[in-house]
Ligand SMILES: Nc1ncnc2c1ncn2[C@@H]1O[C@H](COP(=O)(O)OP(=O)(O)O)[C@@H](O)[C@H]1O
Ligand SMILES: N[C@@H](CCC(=O)OP(=O)(O)O)C(=O)O
């Protein structure tokens, strides 16, 4: 694996997901470390100054809540953990909002479960909200919705959540900040002589034997980071695992400096994204397009508007995958549809400006947005 090429490519990344683990943020469970938060926020503000978009995925709610409630250790009971997360989440978000405000940057709290990203209709909603926030210049701060999820809080798996967010917004790079310099050939807590892996193809099977579990806070360790990097690679996102304690780690990562462990996708991002979208779900229906719609999809890479659709078939709901055919019956594209079949029947053949009048509410102007469309 050519480390130099990898770093130069990643230095060109524009859309970043940065994930910060509890181990780093809470000094291994001793409450939120405001110095680390301030430092991190300064660095993310600088990244924004370079013209990059940033989504922050931050853990730390449970650890902050435990300290606020005066509990001596992490509880075993699921409901206690959920209560601690609820207490800690507001402390966490308040700390970030205060720190980002110093830079004139607004933040947004986004609480998600894995199901919110896997269910097709919620996927579209989450994607639209996140991309709208990025367009508005806001930094979304994502955490698990610990009040309602159970598996995630049990396994403490914000690494997977960060990867799913990277898929959701087609991030160019995923930066996993933790308390180690990167992935070592063996857990350095067990073998301090272990060597750092600087760069590797993400699907290389030799990595599995290297990655071990997490520290005292009982989380996923490098196992979930490696799994997250593999998930992120589905949408062409490159992953860097690095130490959040390294001075200027974000700037170093963004300039392609030789730090941490890069896990490369080995694929063109566009191809990876299309394959991922195409292989995602079963086809729930079909749309018959007119010649004009086929042409703009193929030649101009545009979204599919209701006006270019002549007929619809199947039993699809918002967020389902549908296939799009030309007048000659040949399949030209597949994509995630913004309306159910009942709604689609009422708006096809009509200009988007008429949607509000036809449905009684203003939905998306496209039947399928170009970001959710794969040409065949
Ligand atoms: N091969 C490895 N290289 C580096 N760290 C490893 C490895 N295997 C296991 N680990 C452990 O993973 C921990 C980081 O993961 P975790 O505790 O889940 O942190 P975070 O809160 O940042 O997600 C490290 O402190 C380390 O003990
Ligand atoms: N939602 C939990 C996340 C726990 C978690 O994933 O922790 P980590 O492995 O440190 O990223 C919290 O905020 O405490």
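Heads up, the Cβ atoms here are built off N, Cα and C, so glycines get one too.
Note that the structure is predicted; figures quoted are calculated from it, not measured.
These come from TrEMBL:
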BINDING   19, 178, 179  ATP binding site
BINDING   59, 146, 158  substrate binding site
DOMAIN    285-368  domain 'PUA'
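If you draw a 10 Å sphere around the CB of residue 158 (substrate binding site), it holds 27 other CB atoms from the protein chains shown. Taking the centre of the Cβ atoms of 19, 178, 179 as the ATP site, the nearby residues of that chain (Cβ within 8 Å, site residues left out) are 20, 21, 23, 24, 176, 177, 180, 225, 241, 243, 244.
Taking CA atoms as the reference points, residue 59 (substrate binding site) and residue 19 (ATP binding site) are 8 Å apart. With respect to ligand 2, the binding-site residues 59, 146, 158, 178 contribute 59, 146, 158 as residues with a C-beta closer than 6 angstroms to one of its atoms, given in sequence order. For ligand 1, the neighbouring binding-site residues among 19, 146, 178, 179 are 178, 179, by Cβ distance under 6 Å. Each of the binding-site residues 146, 179 was scored by other CB atoms within 10 A of its CB, and the lowest score goes to 179. In the three-state DSSP classification, residue 158 (substrate binding site) falls within a helix. Here the Cβ of residue 19 (ATP binding site) has 27 other Cβ atoms within 10 Å, regardless of which shown protein chain they belong to.
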